[in-house]
Amino acid sequence: MTTTPRPTPLTAAAGALDAAKKRERRLRLATRHQNHGPDSPTRAQEAEALATAALTLARNHAPEAGRIASFISTDDEPPTHSLNATLTAAGYDVITPVTNDDMTLNWLPYDPNTPPAVRTRDLTDTQRAALLGPEAITSAPLLLIPGIAVDLKGNRLGHGGGCYDRTLTTKHPEATVIVVLHEGEISTTPLPHGRFDQPVNGILTASGHQFVPLTAEEPSLP
């Protein structure tokens, strides 16, 4: 006869945290999909404003021609194609992630033809040869990362895979980590987070950037 082990206080707490994150993620993604889908009439305007805001941020927080870790957005994420192209045209070394099978991140030089959320195993031979390795992030003084929401203390709600929480433990200690969000995605109430969740230093929206501690108001371009 076998018995089901009783959950310990630690596993019960972890389960409750996971459930709270899933609930928060589900609600916020539904709102994002409704307001910021690929057919949103303001998406092109948001893309250009984000590019302008990112360039201002980079000029203040990354050395000239320095490396910037960014990402290639999916349909309802803040659009980063113009952002990445603008930073590249300004001389920055923009790198974007691909996901390994173990949910760690590898990095490629920015290529607008790379699809979002791509897996390493799906890369072409040419792309695979260009991989920079997970350690490429250690030389990036500025990291622009995806997220769903952030609270006033910089606790970020991600998509649940843990890729960035693992990756951020390997960044340069003085690197600035900025989550790229749509306007209105700052949470005025604390988001569920655990000890392995990596906080961010600030946010970037179409209105500009803002550093922790955040305010409920949207940032403004200087």
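For all residues, glycine too, the Cβ spot is worked out from N, Cα and C.
According to TrEMBL, the protein carries these features:
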REGION    1-21  region 'Disordered'
COMPBIAS  1-18  compositional bias 'Low complexity'
BINDING   Ile72, Glu77  substrate binding site
BINDING   Arg156, Leu157, Gly158, His159, Gly160, Gly161, Gly162, Cys163, Tyr164  ATP binding site
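Within 10 Å of the C-beta of Arg156 (ATP binding site) we count 24 further C-beta atoms, all protein chains included. Neighbour count (other Cβ atoms within 10 Å of the Cβ, all protein chains): 20 for Glu77 (substrate binding site). Packing around Gly162 (ATP binding site) is summarised by its Cβ count: 14 other Cβ atoms lie within 10 angstroms of its Cβ, all protein chains included. The most crowded of the binding-site residues listed here (Gly158, Gly160) is Gly158, judged by how many other CB atoms sit within 10 Å of its own CB.
Report note: the ATP site is defined by Arg156, Leu157, Gly158, His159, Gly160, Gly161, Gly162, Cys163, Tyr164, and the residues of the same chain whose CB lies within 8 Å of the CB centroid of those residues, excluding them, are Gly147, Asp165. Within its own chain, Tyr164 (ATP binding site) has Leu105, Ile145, Pro146, Arg156, Gly158, Gln198 as residues 6 or more apart in sequence whose C-beta sits under 8 angstroms from its own. All protein chains considered, the CB of Ile72 (substrate binding site) has 23 other CB atoms within 10 Å. Each residue contributes its Cα atom, and for Glu77 (substrate binding site) and Gly160 (ATP binding site) those atoms are 15 Å apart. DSSP classifies Tyr164 (ATP binding site) as helix under the three-state reduction.
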